[in-house]
């Protein structure tokens with residue numbers, strides 16, 4: 001079994017899509033090992049997206065991510081990183097396939113409902129960024 005990190009973004013939380021997204025996750029044979037809702041501050045969002053610091057969209061991304069609450073999750077399952085990325089769909093919802101989270105719920109390239117780790121290594125980093133050892137179910 002493998003773990004991956006998932007995040008339901010502010011636009012999806014504000015549109016009351018948490019339950020619908022979790023339903024899709026669970027129907028695709030993921031086990032939710034940990035979950036919490038939080039409001040990121042600017043420092044937390046800048047730290048989480050530090051890899052994009054030099055990109056022109058960085059400040060807009062940070063502003064968006066602190067615009068409302070998020071839901072962070074640890075998902076567990078076979079090939080969790082790859083399978084969750086497939087379930088999310090393409091970053092740009094216009095390119096996402098039917099049946100994916102982003103095709104179903106994304107508004108735009110920025111307001112694309114969810115985030116997911118892009119590698120095993122980043123899954124560990126992102127899980128550790130949001131969850132301490134006491135918040136995880138093995």
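Positions of Cβ are set from backbone N, Cα and C atoms, glycine also.
Swiss-Prot lists 115 with the feature active site, pros-phosphohistidine intermediate, giving sequence analysis as the kind of evidence. Positions annotated as ATP binding site by Swiss-Prot, on the basis of sequence analysis: 9, 57, 85, 91, 102, 112.
Sequence-distant neighbours of residue 115 (active site, pros-phosphohistidine intermediate) (same chain, six or more apart, CB under 8 Å from its CB) are 5, 6, 7, 9, listed in sequence order. Counting every protein chain shown, the number of other Cβ atoms lying within 10 Å of the Cβ of residue 112 (ATP binding site) is 22.
Sequence-distant neighbours of residue 91 (ATP binding site) (same chain, 6+ apart, CB under 8 A from its CB) are 102, 109, 112. Contacts of residue 85 (ATP binding site) defined by a Cβ separation under 8 A and a same-chain sequence distance of 6+ are given as 116, 118, in order along the sequence.
DSSP assigns residue 112 (ATP binding site) to coil in the three-state reduction, outside any helix or strand.
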